[in-house]
Amino acid sequence: MILLEHIATEAAFGAVLHVISTSLLGITAITITNTIAGEETVHKLASLLLVILGGSYALLFLSGKGSHSHSHNQPMEKMAVAGLVLVPALSPCATTIPVFLAVGNSSLMMVLAIIVLLFSTITVMTSLVALSFYGASQLKFHWVERYDKLLVDPSPLQDFCVAVNDSRIGVFVNGKFCKDPNLTTADDFIFTGLNIPRNTSNLVGSVATLVSVDVFPGINTLGVGFARIDFSPNGVNPPHTHPRASEILTVVEGTLFAGFVTSNPDNRLFTKVLYPGDAFVFPVGLIHFQLNLGNTSAVAFAAFSSQNPGRIDIANAVFGSTPPILDDVLTKAFQVDEDVIRDLQAQFRIDN
């Protein structure tokens, strides 16, 4: 909001100076030129100047060079200057001086008219700036909410918020009730058991133990989560995505082949063989995987930029959904026969 106020204040101050200086310039120009050259000559020259100015502007716009842009590209910043968009049209700027010269006389009434126009312009301009502030304040929270959600969990407004299911002893924050800070203990900030190997006797030969806010209440609102992934020999953590988080994977034991695929239209594949101590990052929402290349078990730890990153296994979601996706959709999407689709659906209806 500070940037918004700075932009609007700067624009308003500059416009006021512009109105005052160019109005005084108009008064001075009328007085001097009428005195030196005479009113009839000045009127003719000013009319010619108006024609030249109008023609030059027309040529600029026809050639595509007549527009202009501001460096303030953010929605909130645009809102701040939106109220000033009419000011140039209402202001006696330098390009309108020939109008005074063409039709005006160096009389008290002309000077008075310019002064009235000056103050009326400043009044209108100030009103538009005030409206800009009001409009920006109405849009502020919607804009922040929209763009914050694309990055990470909403920023916390307190030191911590230990999740609790009993609403009688907490307040609702970020999907969970916060435990009363006076009732919080050190036990709320510790999770144990990641040293225990998990059973990888399943169809893919891997298991991910996710530590999210549901099992570790102390990370609520902190924008972090983590997991342990165990691999059997040649086991795979199948292609999947995390819709709400980026991931950084660190190998502790074994050798993993890891990779991810970029979004359309390129669909580029980035892969790397990882050894103990190596780390690999997977951008938010992109399909990624890991494969154990060794004949022994492998272990990796993953950190997430969300307390609840979510997980979508691609094959399970497409072929094991409930209810099943229509065969016509899948046969056209994968360009295979209906029998192939049904066979795949039968495979992924198994709880793997």
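Every residue gets a Cβ built from N, Cα and C, even glycine.
Worth saying up front: this structure is predicted, and the values here are computed from it rather than measured.
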Candidate cysteine (CYS93, CYS161) that TrEMBL pairs with CYS178 in a disulfide
CYS161
Matching range for TrEMBL feature annotation, transmembrane segment, among 12-33, 210-231:
12-33
Of HIS240, HIS288, which of the binding-site residues has the most Cβ neighbours inside 10 Å?
HIS288
Near GLU247 (oxalate binding site) in space, meaning Cα within 10 angstroms, which of the recorded positions do we find among CYS161, CYS178, HIS240?
none
Under 8 Å by Cβ from ASN237 (oxalate binding site), same chain, sequence gap 6 or more
VAL204, SER206, ALA208, ILE229, PHE231, PHE289, GLN290, LEU291
Nearest to CYS161 (disulfide bond) in three-dimensional space, by Cα, is which of the binding-site residues HIS240, HIS242, HIS288?
HIS242
Once HIS240, HIS242, GLU247, HIS288 are set aside, which residues in the chain still have Cβ within 8 Å of the Cβ centroid of the Mn(2+) site?
THR241, PHE260, PHE282, LEU286, ILE287, PRO309, ARG311
Between C-alpha atoms, which of these binding-site residues comes nearest to CYS178 (disulfide bond): HIS240, HIS242, HIS288?
HIS242
Cβ neighbours of GLU247 (oxalate binding site) where a neighbour is any other Cβ within 10 Å:
23
